[in-house]
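Summarising the annotation, TrEMBL assigns region 'Disordered' to A:1-22, A:282-303. Residues or ranges marked as [4Fe-4S] cluster 1 binding site by TrEMBL: A:C37, A:C40, A:C43, A:C177. Annotation comment: TrEMBL describes A:C98, A:C101, A:C106, A:C141 as [4Fe-4S] cluster 3 binding site. The [4Fe-4S] cluster 4 binding site feature in TrEMBL is assigned to A:C110, A:C131, A:C134, A:C137.
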Amino acid sequence: MASQDIIRRSGTSGMTPAAKGRNSSEQVAKLFDATKCNGCKACQVSCSEWNDLREEVGTFQGSYQNPMSLSGQCWTLMEFHEVMESNKLRWQFTHSACMHCADPACLKACSTSGAIIQHANGVVDFDSDKCIGCGYCASACPFDVPKIDPKDNKAYKCTMCSDRLAVGLEPSCVKSCTTGALRFGSREDMLFYSEKRVAELKEKGFPKAGLYNPEGVGGTAMMMILHDITQPDSYNMPVDPQIPLSVTLWQDWVKPLGAAGLIATAAVACLHKITVGRNIVEEDQPGYQPPEEEVKDKEEDDQ
Amino acid sequence: MTNHWIDIKNSNVIIIMGGNAAEAHPVGFGWVTEAMQHNNAKLIVVDPRFTRSAAVADYYAPLRSGTDIAFLLGVIRYLIETKQVNYDYVKAYTNAGYIVREDFSFNEGLFSGFNEETDSYDKESWYYELDEEGHAKIDPSFENPRCVWNLMKQHVDRYDFETVSNITGTPIADYEVVCQQIGSTHTHDRAATFMYALGWTHHTKGSQNIRSMAMVQLLLGNIGVLGGGVNALRGHSNVQGATDMGLLCQSLPGYLKLPSDKDTDLKTYLKHNTPIALRPDQTNYWQNYPKFFISQMKSYWGDNATAANDFGYDWVPKWDKQYDFTKHLDMAYHGEVNGYIIQGVNAINSMPNRNKVLKALSNLKYMVVLDALATETATFWQNADGFNEVNPAEIMTEVFRLPTTCFAEEEGSIVNSGRWMQWHWKGANPPGEAKPDAEILSGVLMEMRKLYKQEGGKLPEPLNAISWDYHNPLSPHAEEVARELNGKDLLTNRQISSFAELKDDGSTASACWIYAGSWTEEGNLMARRDNHDPSGKGVTPGWAFAWPANRRVLYNRASCDLNGKPWDPKRTIVEWVDGKWHGIDVGDFNMKLTPQQSAGPFIMQPEGVGRFFALKLLAEGPFPEHYEPMESPIGVNPLHKVTSNPAVRMLPGVKETLGSHKDFPYVATTYCVTEHFNFWSTHARLAAISMPETFVEMDEVLAAEKGIANGDWVTVSSKRGSIQTKALVTKRLQPLKVNGQLVHTVGLPRHGSHNALTRKSYSCNVLTTEVGDANTQVPEFKAFLVNITKAEGI
Amino acid sequence: MSKHDKQEMIVRHKLFDRICHWFIVAVGLVTFLTGFSIFFPSFQWMGAIAGTPQLARFIHPIAGLMMCLPLMLLLARYYHHNKWEKNDLKWMLAIKDVMFENEEGIPPIGHYNPGQKVLFRTFVVTSIVLTVTGIMMWQPYFAPYFSGVVVGWAILLHAICALIMMIFVIVHFWMATWVEGSVAGMLYGKVSKAWCRKHHPLMLDEHSDVEKKH
Ligand SMILES: Nc1nc2c(c(=O)[nH]1)N[C@H]1C(S)=C(S)[C@@H](COP(=O)(O)OP(=O)(O)OC[C@H]3O[C@@H](n4cnc5c(=O)[nH]c(N)nc54)[C@H](O)[C@@H]3O)O[C@H]1N2
Ligand SMILES: Nc1nc2c(c(=O)[nH]1)N[C@H]1C(S)=C(S)[C@@H](COP(=O)(O)OP(=O)(O)OC[C@H]3O[C@@H](n4cnc5c(=O)[nH]c(N)nc54)[C@H](O)[C@@H]3O)O[C@H]1N2
Ligand code: HEM
Ligand code: HEM
Ligand code: SF4
Ligand code: SF4
Ligand code: SF4
Ligand code: SF4
Ligand SMILES: [Mo]
């Protein structure tokens, strides 16, 4: 039943499509309102709690942020950035986790059948059982999200708590958000709400407020309301995330061309073999009798 | 809190000052973002540090730690000057028009009655002029120069913007914005709330910090209304319950007073504590004191309490001096204490001046620790290189550790800041040999009774008189205790439903009168979970039980005018319609009275009104006044010659432990961060992961001056000790210009532990001083002096 | 019996080089198959020589290193044979004759013909690039030290070089099996003078030079 709402699988071509049988599934979205977040890390901790993750106890690294980056044991992380804006300090907290791209670079990059799947509701999930830990997803993701856990050499990231969604619960991080900065619902509802909220913020003195839902990856199922949409980098978010060119070249061009090249070479070789035949040194064949002059020449040579 | 957490959503202006709600009360803080989003509220944060609360605020103003009184008296001056005062309210419901005694005065930093020799106040003059009937005299026109209004105006007159900015370091532009925002709530249709906690209490004038704010709220007419009030954000889980239950060393449950040596018998004691109305026809609720106290005695001693033996009054301990923990540790330090039972506190980490506490504990003969964890206190005798340098062979204290359960392993109620008593159920069985505290203490009591019986001993009477009427005397059940706290009618054996039923003749019992109504014949009202909010104002009468009497907003009579008409119809709590009171909340007055009869909303005061002039209640004077912290970075009081709080208690030998700004130039303040809860959460792995180590925060200017880079090891030292920790260099702290010099503030989170899952860290309390608030003795954890140098790592 | 019955053999590959070569072939097989299984999801079964896809993934970089390092060793040892010579261009222009065995049209060449030299150079370049990029993309050990973007390009380059190498290995295999006697030479070290005369005539001169020196 779970597999029937998978609309995309990694390492699977259009010739063997994923199940598209169900079309009732509603697109969902998680919304992070950066203008409301107080950096309490409840989301971070509850993610670990629900998903049974325990990163190592680290050390102080010069800020309130801990751990320093996402990892196999940390699927969402509150980032702390001190941003100066016209002499005013903005202490910016970013809830960083998988964005659940509509057009996920990780899925495109993953060459292992079904290790990354996209559900009909828009959630991008990893099937760790299949994952081979090559890390292609990690390097392809424009948001630097998936991480390989050295312990088992598999890629991990936020699953949007798909186990909770399956039974009608909201993600764990959303549930525990203290300020209402995190919300969850149908994509449509979240877009509707965002529109209202952005208008509200504009009225409240944030003329550049906006929704971060980057086009370059087809939009995301984790969207962000920012005070200043013109500067996503001040939230440590990429300005224009895209599926990297290297991934497109490699998956869409190099692979088919390479395959063709290999087949062509092998074919030519076979053809050559059949047509031209063997290339034998006749002299060395058993029972070979050299023509007279040749023998003479040879003896002269030897002298 | 006079109001409650949800009520914050009704505020128009929220001032977080003297606290850091986003970090210390992150869940309650959700109501702040709610108000901002749905009530268009403005959030203001005033804090020496740019905190996580400041990060979401509309306006942030820095101030030098320990200067809030100057800040707030300046606000009062501004409000009066610009006439942003709710005059209707001030006239009707405050003591602004009350006339103060002729001999009261304030001069050069001192109030009348100061005795230079004994360094103490005679408070006689801090009082109203009384008429022949013993009622306070009033001038409703505020013209009398001796009325509170004029005295107050005169008192705050010195706090103009420049003076305030010069003391606090707050830039005038920022200050003005804060004043304007606060002032905007003087109208009837707007309310402000202040969210505060330790940033105000951890000072040698902590109580006066809070009073200053209460005065602002009275001026604006913000007390007793939705979205307003005086809202202390309580700390520890259930510290509100603990306070209700007589946490302080001179309290009994229900805010009754522990008798002193001077209260030689019940009659004297009751006379001392039962006020007489200061105005005609006032409710003066404390006039019922004898009913509450005698019911408490009946609950303590049961049938052993009779009219003939003063209801067991003689068995109640009497105090000769204030045995707060600072005093007590000082006694242990001087070898005057045999043993301690340490229950649910990690004293060596959390109490000031760790080196002294270590010595004090080492002087004990025995120490019993009731705790769920192996705290640094329980292991104080073990050497931990660098962090606890002791020689176990030299410490003779015998330590017993009795493992307790934690809240999730037992049933009971927790009272939150909003006075809600919320019942909770057991979630898991305790591990190993852990037992609930009640069971351990009952065991001790039973064993003591047995030993007394076998071997005899001093003063056996109270021990034997205690009523211990539980199903299993070795393990009282939370339900039994809860019923007992509520109280019952001894004649009918029915649970009482309100403290109004209590009597002073011994026919009723109630261990904590304010809890009456929480467990009635209807059952356990604390266990209710009906979150219906018919008014949409966050008043949910069916959710748990709010003491007193399930009332959600205290002093709510003040939300209406003298005739019972709400000041703001959109914020109606109670109103007088068609000859009757109606409302969404339980009225904080006798709802059978007419509006005119019930027009003294502050029913706990004998004059029924809010006080700008505090009479004799506080140690340092009836009006707040700016004094420097005990350790002042500028060494002088820019206002007058009295540098620090003259009413502070200075134990012998402590003065010498205070440092001067010449040796220790930087202001240090200590606080909590969201990731940890005091010290115990350092034992919780997820908390340890999210904040693995402590640090010291400092501004970039200071760091550059000292050649310190972000992440460097530094030594922070005070007159009392020094610690090593890592530097967090941040834009969130800024040097402030104070009295012509630059003052740097450094910040130390208070969660350093060396016996937990986090990295081994020093407790910041190696550095702090035990000198505390003149009223409560709460130490000045928030403003003391340190020096900083770069150091090698550990 | 004429002298021709007793073939005169000369050494073409020393023992060390032969061991290297066949080691490379053996390990290469593993590398190619496992690499291929990662490359094309539909060919995951090719990685089955390792058991599971995870193991194939685990083994591939190790096999790759085990293959590329001796390969580079071999390349270093054969470097001197693979210098560009003046006849080589002519040979290249006569490639059609080479492929269709029109012996008269083939200019004489030395130890290696230019085709082999091109192959050789390709192996040099691809093996170095494969090693460098392979290490850069190696999770979880090395990849975390590089940015995602850099690793992305490394993956692309690795794939391109792997393809080129594989194509050239096919060509190499095809040539080696076509020109009979060369596999034996690589197996046992020696080739007949006649074989030399036919395929690498100038090599005989080199050979006698060497012998004279001795
Ligand atoms: N996460 C977490 N939550 C907690 C706790 C915890 O340890 N961790 N502890 C609980 C307990 S026991 C308590 S009592 C409460 C405490 O709750 P709070 O009082 O809110 O917490 P603190 O962090 O001690 O101090 C608050 C702020 O006061 C500021 N401050 C310092 N000096 C001054 C000053 O002079 N004036 C002003 N205006 N501000 C000043 C500090 O910079 C700090 O930001 O929190 C409770 N909640
Ligand atoms: N410098 C500085 N010092 C401070 C402060 C500051 O701001 N700055 N803040 C002060 C304040 S406000 C406070 S409240 C104190 C806090 O100081 P503490 O109260 O000492 O701190 P906690 O770590 O909360 O300690 C509570 C202990 O109770 C135990 N416990 C938990 N549940 C139970 C139970 O059911 N029964 C028993 N018996 N034990 C239990 C826990 O394991 C823990 O060890 O620190 C104070 N010290
Ligand atoms: C030093 C040598 C090599 C190293 C360290 C190396 C390492 C890697 C790594 C790390 C990967 C990613 C998957 C994985 O981790 O297994 C990979 C993929 C691959 N390797 Fe190698 N490799 C080496 C040599 C080779 C060689 C010699 C070939 C074949 C000619 C090859 C062909 C491939 C192929 C085809 C892939 C899949 C690439 C893709 O899907 O685009 N590798 N290699
Ligand atoms: C798959 C089976 C293979 C066979 C049957 C084979 C066969 C041979 C033979 C017969 C030679 C000698 C050519 C001569 O003497 O002119 C040779 C040389 C060589 N082979 Fe292979 N080979 C195989 C695979 C490989 C692979 C996988 C590589 C490395 C990628 C490789 C690298 C070389 C090199 C570098 C030389 C020396 C040629 C030169 O210097 O130009 N071989 N091989
Ligand atoms: S954010 Fe990265 S990991 Fe998440 S779906 Fe997009 S590309 Fe994949
Ligand atoms: S690491 Fe796993 S999920 Fe990521 S690309 Fe490789 S196989 Fe796919
Ligand atoms: S949605 Fe679930 S998995 Fe993703 S960050 Fe939130 S809690 Fe973690
Ligand atoms: S729980 Fe909510 S408020 Fe707290 S850090 Fe996460 S997103 Fe921000
Ligand atoms: Mo506290």
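Using N, Cα and C of the backbone, Cβ positions are placed for all residues, glycine too.
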Around the Cβ of A:C106 ([4Fe-4S] cluster 3 binding site), the count of other Cβ atoms that are within 10 Å: 28
Chain B contacts among the binding-site residues A:C40, A:C98, A:C106, A:C110, A:C131, A:C141 (Cβ under 8 Å): A:C40
Proximal to chain C - binding-site residues among A:C43, A:C98, A:C106, A:C137, CB under 8 Å: none
Close-lying binding-site residues around ligand 6 among A:C40, A:C131, A:C137, where CB distance stays under 6 Å: A:C131, A:C137
Of the binding-site residues listed as A:C98, A:C101, A:C110, A:C131, A:C141, the one whose CA lies nearest the CA of A:C43 ([4Fe-4S] cluster 1 binding site): A:C98
Neighbourhood of ligand 8 - binding-site residues from A:C98, A:C101, A:C110, A:C134, A:C137, A:C141 with Cβ under 6 Å: none
Cα-to-Cα gap, A:C106 ([4Fe-4S] cluster 3 binding site) vs A:C37 ([4Fe-4S] cluster 1 binding site), nearest whole Å: 28
Neighbour tally for A:C37 ([4Fe-4S] cluster 1 binding site), based on other Cβ positions within 10 Å of its Cβ: 27
Neighbour tally for A:C134 ([4Fe-4S] cluster 4 binding site), based on other Cβ positions within 10 Å of its Cβ: 27
For A:C137 ([4Fe-4S] cluster 4 binding site), the three-state class that DSSP assigns: helix
Rounded inter-Cα distance in Å - A:C131 ([4Fe-4S] cluster 4 binding site), A:C141 ([4Fe-4S] cluster 3 binding site): 16
Cα distance (Å, whole number) from A:C37 ([4Fe-4S] cluster 1 binding site) to A:C134 ([4Fe-4S] cluster 4 binding site): 35
Which same-chain residues, if any, lie at least 6 apart from A:C141 ([4Fe-4S] cluster 3 binding site) yet have Cβ under 8 Å of it: A:P104, A:A105, A:C106
Cα separation, A:C137 ([4Fe-4S] cluster 4 binding site) to A:C37 ([4Fe-4S] cluster 1 binding site) (Å, whole number): 29
Length of the line joining the Cα atoms of A:C98 ([4Fe-4S] cluster 3 binding site) and A:C177 ([4Fe-4S] cluster 1 binding site), in Å: 17
Neighbouring C-beta atoms (10 Å sphere around the C-beta of A:C177 ([4Fe-4S] cluster 1 binding site)): 27
